[in-house]
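Q: This is the structure, below, for whatever I ask next.
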Amino acid sequence: MQIVFLGTSSGAPTTKRNVSGIGLRLMDRGTWWLIDCGEGTQHQIMRSVLNISQLENIFITHLHGDHLYGLIGMLASRSLRGADTGGITLYGPKGIDEYVQAIMRISPVHLQYPLFIKVVEEGIIYEDDTIVVEAAKVKHRVPAFAYSMTEKPRPGAFKIELAKEAGIPKGPMYAQLKAGGSIQLEDGKVFHGKDFVNPPQPGLKVAFSGDTVPCQNMVRLAQGADMLVHESTYVHQHLELAERSGHSTAKQAAEIAVAAEVKDLLLTHLSPRYDIEDGSITLDDMLQEAQEVFPNTQIAQDLGVYEVKRTRLL
């Protein structure tokens, strides 16, 4: 998995940062998913490593404009790519269907691919053979959801060298052992699959907070994640502003990371007030505030690509 930031500013864009949009690259599938789609997202996609034709699913956290106003334009532009683009499923809170339908009714958009819209409730909202997506309600000024994407465990690797040393011939016997079965050779020796297959490899897990004040639902959803992407609109000195607007501080995001026992934290949704080099409080101060609580913290950069690290069991 890779996380590609298309916009990391809160509320309004700056000369350095666009508003909210995050790509999740699923390398094994050759596709990617989009979390939120603020105005200008399609321009950022063009500047990034992402290919708009390979977009498969879109997850909208809530219906504020800085997370949503780029959606229709992006869908329309994708349609111009031709017949090689597959369908898209759009997930979002109640009202996402009405929003899309109203705009397309007033300003007709003729998509050349199927668009499926699913209104989100808490719980598992998507599952296939390799990945599960869960939605959890978080606390903002409007109904809002956080999302986690969790890969299912992968089968452990077959110890082919060990099988060769044991004199096991290639072919059907290897398949039986890989499947966890037992075999018997002509000389009577018996071997068991568990001795020739490494432990299952845990899948990667990432979680995206959207906009929220600190809440237990976020801790639960992010539990054990390899990467938590959490909003960090303010520094803790401006806690009153954060509480009034339904946002989190950098310190609070770091505390969520500690409570959820995640491996790495990426801060996004940054107030433009701190993105000034000669300002009294800067993003360096925000980063320091978070790292004092949770050292494995980075501040996300627009068009930055962040690898979600896999831990292998031997």
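A Cβ is built for glycine as well, from the same backbone N, Cα and C atoms used for every other residue.
Because TrEMBL annotations are produced automatically, they should be read as predictions rather than curated entries.
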Q: Which one, Asp195, Asp211, Asp226, is listed by TrEMBL in the same Zn(2+) 1 site as His62, His64, His140?
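A: Zn(2+) 1 site check in TrEMBL: besides His62, His64, His140, the record includes Asp211 out of Asp195, Asp211, Asp226.
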Q: Since TrEMBL lists Asp66, His67, Asp211 for Zn(2+) 2, which candidate among His110, His269 does it give for that site as well?
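A: That Zn(2+) 2 site, as TrEMBL gives it, pairs Asp66, His67, Asp211 with His269.
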Q: Residues with Cβ closer than 8 Å to the Cβ of His140 (Zn(2+) 1 binding site), same chain and 6+ apart in sequence?
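A: Expected: His62, Gly210, Asp211, Thr212, Val213, Gly246, His247.
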Q: Near the Zn(2+) 1 site, what residues other than His62, His64, His140, Asp211 in the same chain have a C-beta no further than 8 Å from the centroid of the listed C-beta atoms?
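A: Once His62, His64, His140, Asp211 are set aside, the remaining close residues are Thr61, Leu63, His67, Arg141, Val142, Ala144, Gly210, Thr212, Gly246.
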Q: Across all chains shown, how many C-beta atoms besides its own are within 10 angstroms of the C-beta of His67 (Zn(2+) 2 binding site)?
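A: The answer is 27.
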Q: Output, ordered by sequence, the same-chain residues six or more apart from His64 (Zn(2+) 1 binding site) with a CB under 8 Å from its CB, or 'none'.
A: Val142, Asp211
Q: Suppose the Zn(2+) 2 site is Asp66, His67, Asp211, His269. Which further residues of the same chain have a Cβ inside 8 angstroms of that site's Cβ centroid?
A: Ser10, Gly11, Val19, Ser20, Asp36, Gly38, Thr61, His62, His64, Gly210, Glu231
Q: Cα distance, Asp66 (active site, proton acceptor) to His269 (Zn(2+) 2 binding site), nearest Å?
A: 10
Q: Within the domain 'Metallo-beta-lactamase' (202-269), count helix residues (DSSP H, G, I), strand residues (E, B) and coil residues, in that order.
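A: The breakdown for the domain 'Metallo-beta-lactamase' (202-269) reads 28 helix, 17 strand, 23 coil.
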